[in-house]
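Pasting a structure here, questions to come.
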Amino acid sequence: MEQAAGCSAVGGSYPQKNAEILSSQYGINLFLAGLLLTFAWAVHAVGISKSHLLSYLITLMLIQLLWMLWYLCRSCTQRRLIRDKDTHAGARWLKCGITLFAVITLILDSFKIGYYIDFSNCLSPTEGIFPVTHAVHTILQVYFLWCHAKDVIQSFKTLERFGVIHSVFTNLLLWTNGVLTESKHQLNEHKERLITLGFGNITIVLDDHAPQCNCTTTTLCSIFSQGIYYLYPFNIEYHILASTMLYVLWKNIGRKVEHHQQNKTPFKFHGITVGMIFGLIVLTSTIAIVVVYLIQIGGSKIKSELALIMFYLHAIFVLALMCTAGIVALLIYRLEDRSLDNSKNPARKLDAELLVGTAAGSWLLSWGSILAIICAQGHPKYTWYNLPYSVLVIIEKYIQNLFIIESIHREQEKANDDIKTLRIVTISRGSTLSLTPLYKEIYNGRAARDSDNVPCLLKGSICGRENDGAGVAKEETSQDNSLVMHSASDFSLYSRNSVTNNKRRILKNIAAFLFLCNLSLWIPPAFGCRPEYDNGLEEIVFGFEPWIIVVNLAMPFSIFYRMHSAASLFEVNCKT
């Protein structure tokens with residue numbers, strides 16, 4: 001009987017495994033078809049226009065909308081059923097973050113609608129339908145993620161696998177489209193800047209996709225066309241966050257969840273003042289550097305070189321501080337003796353894989369810069385600032401990844417830091433004796449080792465006189481010895497707890513500081529401050545087109561790394 005049951009259980013897992021493989025292959029083919037269509041439009045392939053790409057994306061979004069509506073309706077009819085939840089997935093701060101990005105994405109869609117209205121005479125209808133469909137898709141998807149990101153689907157599993165994986169790759173294609181559009185705009189500006197830096201030997205051919213007609217309202221057209229590209233970084237982050245949350249939902253389909261109470265880890269500003277102050281200083285100075293850089297770069301050769309030097313010096317200083325903070329945190333971890341949580345957790349596993357995978361983008365750019373500096377025949381002044389900057393980028397990500405991955409795998413302490421106390425009242429010969437010194441409650445939920453050390457009141461009874469005078473004398477002597485032992489153990493416990501609190505305070509400040517630093521380092525590349533484009537040295541060594549391809553492929557991952565690191569560090573701060 002047991003063998004038959006085991007065989008049926010194993011046999012039942014095969015259809016689900018096949019469904020997982022089939023759905024993943026469906027999603028990959030969906031993505032590759034869209035990727036090839038995007039590439040064909042980017043290189044002006046014959047017979048492929050932007051309307052073809054937008055039609056494909058609109059179709060994918062409509063299919064996802066139908067699936068989400070079906071899932072929401074089915075969930076509404078079964079709302080009384082108790083469903084399994086993955087407490088690690090869809091954290092509240094992550095939902096708040098994706099909501100913020102979604103709101104800015106809706107503003108972007110409204111700008112695109114306005115842009116289409118002004119150029120409606122020469123734009124395809126799909127360019128007007130796309131932002132409307134995208135806005136509806138964004139609103140419904142954010143609602144879906146808020147309500148169902150934690151779901152562990154146990155019914156209609158095969159159908160749901162295809163629906164969720166379709167949603168994952170739809171968001172990845174929308175992310176790719178946003179990245180390409182924003183990169184083409186940055187590339188056009190970059191080509192114009194190269195002339196001011198003296199790289200006249202590089203062929204400047206602008207890739208212009210502007211409408212071939214006049215705008216009905218010139219002022220509004222200028223606002224819409226310029227504003228769109230400043231909002232794209234938020235749209236890009238929105239889609240990559242949505243795809244990661246949906247991927248965790250897909251991995252959780254059919255999963256058996258261990259039912260245990262997860263400790264809530266709310267964010268608190270208490271105790272992280274130092275880290276916040278230094279982090280805000282870095283954030284403020286970074287914004288100032290970006291503003292000055294964008295104003296100075298391309299103005300003249302001298303101004304451009306000064307802007308590059310200013311950027312490199314600031315980045316070197318920030319990266320050195322981040323490396324130091326990360327090393328201190330890792331040293332504290334080495335001094336602690338706490339086990340790692342190796343339980344199955346799709347969200348945590350994805351976080352670790354994304355950290356290492358996306359870091360490879362900036363590592364690729366850094367090694368390209370180092371190789372270009374070594375091989376170049378001429379070295380402008382700013383080159384020697386680029387070298388330590390590139391080396392520090394590699395080291396800092398290496399240290400930070402190690403810190404974050406170890407932090408999210410460490411088991412949380414089960415006890416509160418505040419040590420509660422009990423007053424023990426003993427009664428002898430019918431009279432109340434003086435109160436004993438405060439006896440600290442059992443730490444870490446452990447019971448007392450000796451039952452004799454547990455006060456009588458904790459056992460639900462009152463100590464009375466049971467012995468004669470000699471017995472009372474012995475009891476008083478044993479009480480004195482017990483008080484001494486309690487005092488010594490309490491002092492040891494207090495010292496140990498004080499050291500632990502100090503370590504935690506340092507770790508929380510480091511996590512807060514690194515969180516703000518990663519937000520700071522996300523701002524420059526996201527808003528057009530990209531020295532990999534502007535210094536021109538790599539383009540001379542590797543060639544203009546090859547290096548631009550490398551930058552356009554690696555930069556989106558580098559930008560996402562900073563935002564994902566900030567999100568992970570926020571979680572580390574809450575857990576510490």
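Placement of Cβ uses the backbone N, Cα and C atoms for every residue, glycine included.
Positions annotated as transmembrane segment by TrEMBL: 26-47, 53-72, 93-117, 129-146, 229-250, 271-295, 307-333, 354-374, 506-528, 540-561.
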Quickly jot the same-chain residues contacting the transmembrane segment (540-561) by Cβ under 8 Å, restricted to those at least six beyond its ends, or write none.
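Residues 175, 179, 183, 187, 199, 202-203, 233, 236-237, 240, 354-355, 357-362, 364-365, 368, 371-372, 375-376, 397, 522, 525-526, 530, 532-533 contact the transmembrane segment (540-561) from elsewhere in the chain.
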Other than its close neighbours in sequence, what residues sit by the transmembrane segment (53-72), given a CB gap under 8 Å and a spacing of at least six beyond its ends?
30, 33-34, 37-38, 41, 124, 126-127, 129-130, 133-134, 136-137, 140-141, 144, 147-148, 160, 163, 166-167, 170, 173-174, 177
Count, for each of 26-47, 129-146, 229-250, 354-374, 506-528, the Cβ pairs lying under 8 Å from the transmembrane segment (271-295), and report the range with the highest count.
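Comparing 26-47, 129-146, 229-250, 354-374, 506-528: 506-528 has the most Cβ pairs near the transmembrane segment (271-295).
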With a Cβ cut-off under 8 Å, give me the same-chain residues at least six positions beyond the ends of the transmembrane segment (129-146) that come close to it.
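Sequence-remote neighbours of the transmembrane segment (129-146) are 54, 57-58, 61-62, 64-65, 68-69, 71-72, 90, 95, 98-99, 102, 105-106, 109-110, 112-113, 116, 167, 174, 238, 242, 245-246.
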What parts of the chain pack near the transmembrane segment (26-47), using Cβ distances under 8 Å and only residues at least 6 beyond its ends?
53, 56-57, 60, 162, 165-166, 168-170, 172-173, 176-177, 180, 184
Does the chain bring the transmembrane segment (506-528) near the transmembrane segment (307-333), so that three or more CB pairs sit under 8 Å (pairs 6 or more apart in sequence)?
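Yes, since the transmembrane segment (506-528) and the transmembrane segment (307-333) share at least 3 Cβ pairs closer than 8 Å, they count as touching.
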Give residue numbers and ranges for long-range contacts of the transmembrane segment (354-374): same chain, 6 or more residues beyond its ends, CB-CB under 8 A.
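That would be 244, 383, 386-387, 389-391, 393-394, 397, 401, 404-405, 532, 537-538, 540-542, 547, 550-551, 553-558, 560-561, 564-565, 568.
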